[in-house]
Each structure stands twice: as structure tokens, then as C-alpha cells.
């Protein structure tokens, strides 16, 4: 069931040396729940008071590169693209962080996208926790994945 | 509003050199939503098929040490304790990851606890994504914080 | 003459365990020479086309934290403050990057400030090299140092 | 103008997944201005009092490998060659550090060469600052670049 | 004699850009000498008192990925497989750690295997030193290597 | 028996926040077995053909700083001193590497010394493996430890 373990139940970095390189893309999403006033301050802030989203975006992109160092059994990958998009709902205070990663590699880039979205969300938390410690990272999920043998995955489609 | 920026809105690592060291503790929680069958396999697996939770625990503790490298404006901290607890609900498939960090320092350890819980959750996702890509990290929140000038925080108490 | 070597000429990390912690500050400056048009685009860009200086500032602050990993015989230090200021001369195209680091430590933070200024300058180069590869980092120097036994240093005062 | 930002001015790691791997070479140069007496001591020292240039060389090569971790929007690259050459002028006290990096990759290695030269220069500063804090890194520039679509670049040729 | 130096005796990262990628495998072995009672406790412990070998295995796999950061003149490699096996002799207290690494690369993976075995052994030492500081890492050697121009190597065959 | 696990056998970073800082020293030794001709070449080489021991020394000192990143449950420590000494026996080809680390800290620096000695030995192996793959790291042991509650340890004294 868990392909990071061998038949004796021992953790391994799975052998992918025999796999062919293909173009892999993955998109993950993290949702952060803020007070509407905090979200409003973030959105204004990018101009005058400090660019919370700019800092979080760079943290997410840098984290995508650090994935092999964070996720113990993941393979070192040379990613070829990383981007972070923000969307928001001023009424509810929800901030959506979408991280997309691409690489021409032997294995998928889901963990790179999930890690980028998570660390961008953690960075938003870090910058806003002075005014509100109760901010929640409400969800981190894989939205889309393409390019491997298991085919295309799109969240919500079964 | 955002204390990681100066008056011109420029990102800074806030000066804490004048603050006194006190004993700081923080606990964060991440909830992972699995299919009940996947959760059951994880719980059995620790004995026979591979220790998913053992790997996630080490990833979380290691991540606590990497926090200054991941969160751009956080201070380098020498943490003095880190632990990860797991709780689960076999009926719903929910796995709760609780990360606690402690340090005698000039600034709080909330980000270390939040990062440890997040990376432990990401590692669970990594190990289980082969059988289920739809697993969600359902929430990452700060549960408890103690030891700084802003006093004790306990989630749910206002 | 070189205090990073012992009497046999062997490289060492000098023993500072017997020194007392004092408050240390250091400021370093890097100057980057751009075409006036490139500098103008950077200054406008922070609003509309991309925040070159914002990215460089974060790179510099992060680099200050990585100093012990970059400079072989430097001591690991827990820095308590890091900030990057930019000044510019639209006529000449010169961009001045000033990095200030502070820590309550047994040894000085000059290398942290020098490294922060250098990496911020390298990041400006990285972002502008697409339009002009001839950009020069014109100078990296220590401007100010305070807090150690050797007293206060101010560049230009002998 | 700045190709590290998308049309909305958002920082991205540019997508290079569609580019072909070619052999890339880059050479960067840093000049360090020392007192002639300090330079003389460095040159003698390599035999008897401590090998300043040997330490700086290793720091530069190691830094080339760390470039993706230092320069926020740079791509992770597997470099295939790195070397550092020193030249000096005993009369003026100038030390020239030339870093060359090569890789068979989708994107150039200029930043790896610039980073290697800068960190080698910072390491020279670190080792000599005990006797002279006024040492200046006088210039860091790209000297040569070959192998990408933009053709060969040689500093000084327009 | 030492191919990490050029003709002037200067340390370099050897140029491998002209070499072809081939499938490389290396296996290294570390032997740890414990008191039989300590070894017995480790073997029982994996179930009830703490999984020493599980922690050491993850440390070894993670260390294989960090090799380019630890060994100054080694090339950055994207390894495709890493695994750690343990064997033991209850009578003598000897624990044998065998690390295997594989990659499709221009250069061999001996250092990755040697580093993985060493760090796994150091981690066993770390976890047992509370009860016995005299534990020795008795040997770290390359057992097997395959895939490069120098052909297959098997320890003990001359 | 293993103090890196709690009562449920779960891996933790032990809480040392209540301990007092004291001056800690540790010395570890690694022995490398070379062919006498290889050792002779190393010893000459430091002048003319390349400084194997100089490279290994820097690798060991750098590794001491990376210990918290390599040993999963170790505490992040700010070490205050690190040095590597080499001794050799021309007749047998044995090279002895002695690493000493010191810090004013809440916990011991044994792992920093053991890691420094191991990585210096691995680096010697890396530089000599081109001429002799059968080189063995013959032993890595703790020689001396001082400064904690458990008192002074000296290898060979029971």
C-alpha cells in the first residue's frame, strides 16, 4: 500500500533509475482563513505597509527547491518552473494560495507543489500572527497533476 | 499591523536583541483526512508494513530545526525540545498531528511548531499519495503558546 | 597575522568560548552600477512590473542567516536583527545596498552584514542580467562595526 | 524588462522545461583590494602561516553548489565543473579571483560563477579582517558566458 | 595521483560535462561495535522502546542527498535510489549497516553510499551514547561499485 | 536505555531547556588506512600536488556546523571552537584524524566531534579513491568528553 517501504516494511527511496523522464506538472492549493480586516490590510499593504504576499510568494518558491531536504524519502529533483498565485475573498477573509511546479523528470512534482503552498501559507501566518494568532491554514490539497504513468489527476473528479 | 515591516513598508528581521530570554513553548496541530482504510493500514503498518508515522515524526522534528531557513523573516533559534504526537479517529479517518517545541529564547517558537506540524503532515501525504492523491491536510493551527510578553494563548479561548 | 590559523598554519574555528556576549552591530555596503534606464525600470517596477528590490532584500536577509554555512571558519551565530536599505542615484544608475545586522554574541557580525549585502547585490544582478549582462557589483565594504573588544570601526576614519 | 516576473509583476521561477540542454560555461571575476603587506603575507602564508587562498577556493566552489539556495528565483542546477583561479599584483595589493563554472543544462551558469567569485572574496575578507577591516571587494563582474541562445558574451566587447 | 587537483595542485571540481550518463550503483558498509546487551535492546526496541534502526535508516538516506554539501569537491547528483540494510551478530554485538545508492549520472555514487553508511552509523552512536560512550564505528568501506569507465569494483577482489 | 525516545518509544528531541549552560569539550578520532605510497603522496602533496589534508580539515570543520542537520534528534548548537589535527604513521599508511569541538551549551558536543572526524575521513577517501578504492575508514571513536553532568570521559579508562 505504501510504496516508500520495501517488502520488509523498511523505508527506502524508491528506485526510479529505470523510469523515463517526462514533463511533470503539479498544482497544490492552500487556503488561509483570516479576519476580513487582516486580509484587507494585506491587500492594501502590498503598496504601502509591506508586501505580505510578495514575501510569502518567495518563501513558497524557495521551499519548492528545498523539498528533497524536507520530505525524507523524496527524490532530489531539478525543478524547471515554480509559480505562486493568490486569490482572495474580501467578504470571508479567505486567501487561496495556488502553487504550480513543473519539471522534466523521472518522478512527479506533487510534493514540491504541496510544500510550496504550505510554506507560503506558513509565511502568511508568520507575518500576521502579531495581530491575530488564531489564523488557520484551512486546507492544503493537491489540485492537479499531469505527466506520469498514473495519468492526469484533477481534484474533485473521481 | 504587520511587525515584520518597518515604517516604510520594508521587510525586516525585527530587532530582538534588547529582549530577555524566557522559556517559550508552542504547540501546533495539523489534521490529515484519510480514507479510514488508509488510516487503518498506517496504524497496522507501524509494525509490519512500514512505519509511516515514525517517518513523519522525524520529518517534523527535523523541520522544526529548519524553520529559520524556510520562513524568510524568522529569527535563527536554538530550540531545546521538539516532540510530535499522533492521535486518530478510526471511524472518520482523521489523523491529528500535534507538534510541541520549547526554547529559552528572545522570541516565540510558534513558527517552529507550525512548521513541524505542517511538514509531518506533508510527509504523511507523501507516503500515502500512491494509493490516494485526494488526501487533504485539513487544518494547521496554533493550539497553545506560552512564555512571551503577549502572555499565554490557548486556541478557542478568546 | 591571520587569526583563523593556528601556529602551525592550520585552519581552525577560533575558540571564542571564553569571550563574553556583548551587543554587536555591523553595517556593510554594496554598490551596483546599472544603466540609468535599468535603474529607472527597477524603481518603477516595484509597483507595476515586479519588485526587484523586494526580492533582493529578502535574499540578503536570508543570506545573513546562511553565513556560517558559506564562510568556512565563521562561527554559527543566532542573529537578532537584519535589515537592508537601498539608496540610488538616478543620474549615474548607481544603486547602494546597505545591510545591517545585530546580535548579542561572543563574536562580531561583520561577515553576516558583508554576506547579506553581497547576496542582495547578486540577486539584483540575477534579475537584471536578461537586459544587461555588463552590470557590475562595484564595491562591497564594511561601513561600521561596534560592540567587540577592538572597539568601533567606521570606514574612512583611520 | 525583468524576466523573473510575469505580466502582473509577480516573481516566478521562469519555466525552462521546454528548453534543450546545451553546454554552458560562465566566468566571473572578483577583485579584492588589500594592503600590499597583507597580500604579501597571504602569498607567503600558503606555505607556512596558513593557506588563505586554499580556504577561499573551497568556499567559492562550495558556494557555486549553493547558488539555488541563495538566489531566490534561480533554477536548481547540477553543475559539472567549478574552478577558482587567483592572480595578484604585489605592487598594488590587488587580488583577482576568477571563478569558472560549467554545466550541461537548460539555463545559464552565470549566477553560479558570480556567487562563487563573491563568496571566495568574502572568505578572503573574513580571514584578513583581523588585521585590516578596510579591505574592499572592489568589483564583481561577469567576464564570459557561452552556450545559451543569447550567444557568447565577453566583458568589454559590446 | 589525486584527480581533485589540477596541474598546479589547486583543488577543483573536476569537469565531467563531457562524460555520458550511465547507470551507477555503489554499496558501502559501516560496522558498529556495541555491547551485546545494547544490540539486544536495539533489536527489541524497534517494537516497544524506540526504533533506533528506523531513525538511523532515515538519517542515512537523508545524508545521501546531502553529500554534495558535505564533501567539498563532489558533484551535485540527483540520486534515483537509496536504501539501508542492517545485519547483526547478537553474540559479538556487531551491527552492519549497508547503504546502496543508484543514479543515472556522469559520475559515480561511491561518496553518496559512503556518506549514507557513515551518518547512519553516527546516528546509532548518538542514540546509544547515553548508555555507552565507548561504542566504536569499527569500519566504513566501499563494498561494490558499478557503472563507470573504471568498471566494476568488489571489495576483496583485487 | 535510549534517551532519545519517550516512554511510548516515540522519537523526541529531549527537552534540555531546564539545563544550565556549561563549557563542553569533545574530541573524536577517525583512523584512515591508506597504502603507504598514497599516504606519502598526501604528505608531499600539501606543498606541490594538492593539499588533501587542507581540504579534509575544512570539510570536517564545516561538518561540525551541520551536525544538527545530519543527526535527526540532535539539538541545534552554536559551537564556539572546532579544530582538526592529523597524525600519521608512514610505515603502516595510517592517518589519524582528531577533531575537537567546544561550546558553552546545555548539551554535549560529542556528535559534533564525531561528525567532524567522520566527514574529514570521508573527504580523504573522496580525494584518494581515484587511485585506491579499497581505502578503509578503520575506526571512528569518541576519545574525550568533558563538561556535562555525566563527568569526564576518556576512552580506555573504564
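Keep in mind that glycine also has a Cβ here, set from the backbone N, Cα and C atoms.
Bear in mind that the values here come from a model prediction, so they are computed numbers and not experimental data.
If you look up TrEMBL, you'll see B:126 marked as active site. Marked as substrate binding site by TrEMBL: B:73, B:74, B:75, B:111, B:112. Among the features that TrEMBL reports, domain 'Molybdopterin cofactor biosynthesis C (MoaC)' is placed at B:13-148.
There are 23 other Cβ atoms within 10 Å of the Cβ belonging to residue B:74 (substrate binding site). In sequence order, B:4, B:11, B:12, B:13, B:14 are the residues near residue B:73 (substrate binding site), counting only same-chain partners six or more apart with C-beta under 8 A. On its own chain, residue B:111 (substrate binding site) has B:67, B:71, B:74 as residues at least 6 apart in sequence with a Cβ closer than 8 Å to its own Cβ. Candidate recorded positions B:73, B:74, B:75, B:111, B:112, B:126 yield B:73, B:75 as lying near chain C, with Cβ-Cβ distance under 8 angstroms. Sequence-distant contacts of residue B:75 (substrate binding site), defined as residues of its own chain at least six apart whose C-beta falls under 8 angstroms from its C-beta, comprise B:13, B:14, B:16, B:68, B:106, B:107. Cα-Cα distance from residue B:126 (active site) to residue B:112 (substrate binding site): 21 Å (rounded to the nearest whole number). Here the recorded positions are B:112, B:126, and the one ringed by the most other CB atoms within 10 angstroms is B:112. Binding of substrate is attributed in the record to B:73, B:74, B:75, B:111, B:112, and the widest Cα separation among these residues amounts to 13 Å. The average pLDDT for the domain 'Molybdopterin cofactor biosynthesis C (MoaC)' (B:13-148) in the predicted structure is 95. Taken residue by residue with DSSP, residue B:75 (substrate binding site) is part of neither helix nor strand, so it is coil. In the three-state DSSP scheme, residue B:112 (substrate binding site) falls into the helix class.
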